[in-house]
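In what follows, a structure is listed as structure tokens, so that the remarks can point back to it.
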Amino acid sequence: MSKKTFPSFKFRGGCFNLLFKGSVDVSIKTRMKRIQINLILTIACIQLSTESQPTPVSITELYTSAATRKPDPAVAPTSAASRKPDPAVAPTSAASRKPDPAVAPTSAASRKPDPAVAPTSAATRKPDPAVAPTSAASRKPDPAVAPTSAATRKPDPAVAPTSAASRKPDPAANTQHSQPPFLYENIQCVHGGIQSIPYFHTFIMPCYMRLTTGQQAAFKQQQKTYEQYSLDPEGSNITRWKSLIRPDLHIEVWFTRHLIDPHRQLGNALIRMPDLPVMLYSNSADLNLINNPEIFTHAKENYVIPDVKTTSDFSVTILSMDATTEGTYIWRVVNTKTKNVISEHSITVTTYYRPNITVVGDPVLTGQTYAAYCNVSKYYPPHSVRVRWTSRFGNIGKNFITDAIQEYANGLFSYVSAVRIPQQKQMDYPPPAIQCNVLWIRDGVSNMKYSAVVTPDVYPFPNVSIGIIDGHIVCTAKCVPRGVVHFVWWVNDSPINHENSEITGVCDQNKRFVNMQSSCPTSELDGPITYSCHLDGYPKKFPPFSAVYTYDASTYATTFSVVAVIIGVISILGTLGLIAVIATLCIRCCS
């Protein structure tokens with residue numbers, strides 16, 4: 001065995017580095033074995049480094065499906081490793097290219113043995129004496145043997161040079177490269193689910209068209225508001241505007257109004273039943289809403305809808321939330337030809353208005369029915385108010401309660417509940433305290449509770465009398481409220497400005513009330529004069545309390561003169577009679 005000195009050589013690849021250097025005593029068989037191992041490792045690294053990479057998709061390919069897109073002849077095919085291809089060389093990946101029958105397989109695992117060579121393993125087969133034992137780095141390729149390196153082999157003239165980005169997959173081949181992403185257009189809105197907006201408020205629903213790739217699952221939104229630049233499809237250098245939405249698609253906006261069913265309720269939540277859907281917007285020429293005056297007028301008066309030429313911003317603005325604009329809004333991307341819905345987005349909008357609640361008690365007279373009223377005014381949604389009456393004796397029965405609901409022109413509602421309780425002897429005083437309990441259901445989550453207590457005012461019937469005392473007309477009222485009631489005098493159906501009243505005592509039946517008296521001077525005019533005394537200050541629903549007296553000054557004077565004459569005559573006759581009696585007695589005495 002002779003001592004040989006081998007030159008230094010390196011095998012470099014993406015996965016390993018090998019370096020053999022030194023002077024060793026080896027046999028020819030051992031040297032050939034090492035060379036074969038190095039060749040196998042080199043071929044494996046070349047195969048790994050030339051694997052195909054995912055093919056990037058340009059923005060111009062976004063509107064073309066993967067099944068129909070053709071390669072741009074003006075674009076040079078490039079491999080994933082960014083090498084510049086030789087026009088004569090087909091840049092195909094090792095994983096997907098078909099072997100040339102005239103080329104020997106380059107992989108140790110896949111190449112077929114030469115019939116002229118005995119099928120021996122790499123570890124045991126003997127080298128060909130006709131082949132000089134040279135290293136892999138320095139040996140020259142055999143003209144009869146096809147080059148085994150992807151970087152150095154020449155293409156087969158029978159094979160068409162194709163790029164990795166443009167070649168069509170062979171159905172029979174096991175293709176491993178990634179397919180271009182599938183593109184579809186999607187409508188996306190800022191809001192979603194259920195939105196609760198106050199009554200009469202403005203609500204904006206921003207919605208935009210976006211491009212979605214199925215493979216990358218990413219959104220690509222256009223930077224421009226309506227349209228984007230693209231090359232003219234005829235291939236000229238002139239640029240023009242191209243719509244973001246595909247020409248075979250169009251956008252529709254539908255509205256379904258909600259109607260509340262008063263007979264259905266889930267807990268405190270109101271059941272809203274959908275009405276017939278109405279189309280508010282469409283940018284399709286076949287469905288242009290301008291041709292439908294009724295729908296177009298409704299949309300124009302209640303909404304700000306997108307322009308028919310827009311291709312990106314499909315936002316809708318509700319000018320004023322009310323009963324007519326409450327419901328579900330649906331945006332749909334529709335295929336114009338097949339009518340299939342590509343994508344859709346819905347927003348349910350509800351509205352509410354907080355009510356104003358007042359509770360008042362109705363004043364009554366002793367013996368009349370107690371009454372109280374609970375007024376829940378201007379609320380929304382309808383059928384969202386619950387009223388319950390209670391007193392110190394418990395819940396008040398429904399047979400004493402009367403309810404009434406009124407709807408206003410603007411869609412709001414009012415609810416009036418009245419309770420009437422007959423008086424009983426044991427309830428005359430003090431009067432019962434009546435409580436109104438209100439529950440307003442805004443939606444299935446929020447509600448408001450309100451309660452108020454009212455005590456009816458009970459008044460006894462006043463006793464009013466009138467007469468003349470010492471030349472004055474005197475009016476007396478018994479059992480009237482202190483500081484509330486005052487006297488009003490009328491003479492011959494005309495009010496007079498005369499205030500003269502005083503408290504003379506307390507009411508015998510109820511010490512909370514007093515007795516009062518007022519007087520008015522008589523007139524000296526002849527003829528009958530009517531004096532009336534009215535009690536002012538009682539609730540308007542009470543009947544009037546008054547007393548009337550007629551006085552005639554001339555009749556009073558005539559009556560006085562006749563009486564005076566009669567008295568004078570009687571006095572004279574009496575005097576004469578007395579004189580006659582005295583004279584008679586004197587005559588008798590003298591006799």
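Keep in mind that glycine also has a Cβ here, set from the backbone N, Cα and C atoms.
Secondary structure at CYS207 (disulfide bond), taken from DSSP and collapsed to helix, strand or coil, is strand. Residues or ranges marked as disulfide bond in Swiss-Prot (evidence: similarity to another entry): CYS189-CYS207 (among others).
Residues or ranges marked as disulfide bond by Swiss-Prot on the basis of similarity to another entry: CYS374-CYS436 (among others). Cβ contacts within 10 Å of CYS374 (disulfide bond), excluding its own Cβ and spanning all protein chains shown: 28.
CYS475 (disulfide bond) carries a strand DSSP state (E or B). Sequence-distant contacts (6 or more apart, same chain, Cβ under 8 Å) of CYS475 (disulfide bond) comprise VAL464, SER465, ILE466, PHE487, TRP489, GLN517, SER518, SER519, CYS520, CYS533, ALA547. Annotation source Swiss-Prot lists disulfide bond at CYS475-CYS533 (among others).
According to Swiss-Prot, the feature disulfide bond maps to CYS479-CYS507 (among others). Taking the Cβ of CYS479 (disulfide bond) as centre and 10 Å as the limit, one finds 20 other Cβ atoms among all the protein chains shown.
Summarising the annotation, Swiss-Prot assigns N-linked glycosylation site to ASN237 (among others).
If you draw a 10 Å sphere around the CB of ASN356 (N-linked glycosylation site), it holds 11 other CB atoms from the protein chains shown. Residues annotated as N-linked glycosylation site in Swiss-Prot, with sequence analysis given as evidence: ASN356 (among others).
Annotation source Swiss-Prot lists N-linked glycosylation site at ASN375 (among others), citing sequence analysis. Within the same chain, the residues at least 6 positions away from ASN375 (N-linked glycosylation site) whose Cβ sits under 8 Å from its Cβ are ILE357, THR358, VAL359, VAL360, SER414, TYR415, VAL416, listed in sequence order. DSSP classifies ASN375 (N-linked glycosylation site) as strand under the three-state reduction.
Classification of ASN463 (N-linked glycosylation site) by DSSP places it within a strand. Sequence-distant neighbours of ASN463 (N-linked glycosylation site): residues of the same chain at least 6 apart with a C-beta under 8 Å from its C-beta are ALA477, LYS478, CYS479. For ASN463 (among others), the entry in Swiss-Prot reads N-linked glycosylation site.
The feature region 'Disordered' is assigned by Swiss-Prot to 70-179.
For 1-561, the entry in Swiss-Prot reads topological domain 'Virion surface', with the evidence type sequence analysis.
DSSP states for the topological domain 'Cytoplasmic' (583-591), grouped as helix (H, G, I), strand (E, B) and coil, give 8 helix, 0 strand, 1 coil. What Swiss-Prot lists as topological domain 'Cytoplasmic' is 583-591, and the listing cites sequence analysis.
What Swiss-Prot records for 562-582 is transmembrane segment, and it gives sequence analysis as the kind of evidence.
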Residue pair CYS189 (disulfide bond), CYS507 (disulfide bond) - Cα distance, angstrom, rounded: 76
Positions on the same chain near the topological domain 'Cytoplasmic' (583-591), where near means CB under 8 A and six or more residues out: none
Inter-residue Cα distance where the pair is CYS374 (disulfide bond) and ASN356 (N-linked glycosylation site), in Å: 11
